[in-house]
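Below is one structure, written out as structure tokens; the observations come after it.
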């Protein structure tokens, strides 16, 4: 990870001092990333997997071939031109083979569902940190920047897939391929990029699961304590919640969780209708509300908004599952049509939730609903149920990364029996949930956990990595100096924004968590 972070600064240095007019104005003088010199080898007879190792060996044996094409080799130049023409005729969208492709409307609803969860319920508290004016403007700006970052990643994935003549690439593959096509001095970072992206994605999924446990336990505690008059500690409720979560994690096939997911979505939509009723049922006043919050609290607002709005991990899979993937991007594409109502919904719930409940608003707006009203209690239980089921789906990604892709190959290499492998699998599934519980029991403040995850993980996978990938992908594809400068300024600004948010947001969140624990 240190190498990757160091690479961010190298990219900015290269962007500032490494521009050569001949690169952009004389394309015949250098091998473009889409040419034979800059392309990963692909076995045409195979399933289309990238032969990354063979590319590394080729680069090690012929480093000069990745930077220039010799003028004394006209035959090689002709071959390069031919391959470039062939690459231009290849459209990855026309070669995607999806068994059950989704329509534009289906993808639109998937995006809407992917952004509605515990994050949006924390937006009123985020507005408390920022103030209703700064929160309104800040959420809109963050929504625009997040959407821009998704466009960067999608455009890069399409361009890199076209150069390699493969139907699609995953997020980590896009990161590695982009650096291999980028500035020559940074190509050594390519082998670390996939692991770096996977690490942040895994940390984000783990953080979301921790927030889910705290959310479910907090809402159940609020309802049961009101009914029974007891006051069990939150950590006791987390133990009660963790036991069935372990059993849920033992479900090995994702298809068995699909019906529960459908129920959870229906329950969530119904619950949001009731939450909006409580938010708008009386006219709020501005007397005790702040328009501009404290500057020291703004990183908490930024982290919460990033956690709520960002769903970068599902963007490429959703696009690749579409019947018409070309309709995903563009000004009037599915992405923009989904993000506009999402940002508007987040602003409305955050703004009016804060104006309705004021500084007494909780980390989840459900906890701010009236304790003694049956309708409010039903909403808390329904949302707890929906998030409980979502934990099983979210945890599936953690398990797939830790067990299927990391530990299982080692067990197979040691030739362990299937029964022993199955035992280890259940132990790993249980251990993952216990890790979520342990960290949740340590950091019980839901709002601070959400802010920390947003600042630590989503600022990187949602802002810095996409902008870095986009800059490296189109480093040699700008038609003019002006477009190159615009590429560097725009993408570089997003890279810096994400990295600054990572450092400052993580520091402020951890500092507040420590203060909260000391209390």
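Each residue's number is its place along the chain shown, starting with 1.
Heads up, the Cβ atoms here are built off N, Cα and C, so glycines get one too.
The annotation compositional bias 'Polar residues' is assigned in TrEMBL to 63-75.
According to TrEMBL, the domain 'Amino acid transporter transmembrane' annotation covers 100-510.
Marked as region 'Disordered' by TrEMBL: 34-77.
What TrEMBL lists as signal peptide is 1-18.
The annotation transmembrane segment is assigned in TrEMBL to 129-154 (among others).
The transmembrane segment feature in TrEMBL is assigned to 195-214 (among others). Within the chain carrying the transmembrane segment (195-214), a Cβ under 8 angstroms from the stretch's Cβ atoms is held by residues 1, 4, 118, 171-172, 175, 234, 238, 241-242, 245, 313, 387-388, 390-391, 394-395, 397-398, 401-402, 435-437, 439-440, 443-444, 446, 449-450, 452-453, 456-458, 460-461, 465, all 6 or more beyond its ends.
The transmembrane segment annotation in TrEMBL covers 234-251 (among others).
Here TrEMBL flags 258-280 (among others) as transmembrane segment. Among residues of the same chain six or more beyond the transmembrane segment (258-280), those with a C-beta under 8 A of the stretch's C-beta atoms are 113, 116-117, 121, 349, 352-353, 356, 365-366, 369-370, 375-376, 378-379, 382-383, 385-387, 389-390, 392-393.
Residues annotated as transmembrane segment in TrEMBL: 300-318 (among others). Non-local neighbours of the transmembrane segment (300-318) in the same chain are 102, 107, 110-111, 114-115, 119-120, 122-123, 125-127, 129-130, 134-135, 138-139, 142-143, 146, 149-150, 153-154, 157, 168-171, 174, 201, 204-205, 293, 328, 335, 342-343, 346, 397, 447-448, 450-456, 458-459, 461-463, 466, 501, 505, 508-509, 512; each lies 6+ residues outside the stretch with a CB under 8 Å from one of its CB atoms.
According to TrEMBL, the transmembrane segment annotation covers 339-361 (among others). With a threshold of 8 Å between CB atoms, the same-chain residues lying at least 6 positions outside the transmembrane segment (339-361) that come near it are 111-112, 115-116, 120-121, 123-128, 132, 135-136, 139-140, 143-144, 146-147, 275-276, 278-280, 282, 284-286, 288-289, 305, 308-309, 368.
Taking Cβ pairs closer than 8 Å, the transmembrane segment (381-403) reaches residues 117-118, 121, 198, 201-202, 205-206, 208-209, 212-213, 215-216, 219-220, 223, 241, 244-245, 248-249, 251, 254, 257, 260-261, 263-265, 267-268, 270-271, 313, 366, 425, 428-429, 432-433, 436 in its own chain, all 6 or more past its ends. The transmembrane segment annotation in TrEMBL covers 381-403 (among others).
Positions annotated as transmembrane segment by TrEMBL: 423-443 (among others).
Positions annotated as transmembrane segment by TrEMBL: 449-472 (among others).
According to TrEMBL, the feature transmembrane segment maps to 484-510 (among others).
The stretches the transmembrane segment (129-154) and the transmembrane segment (423-443) do not meet in space: the count of Cβ pairs below 8 angstroms, excluding pairs fewer than 6 apart in sequence, stays at fewer than three.
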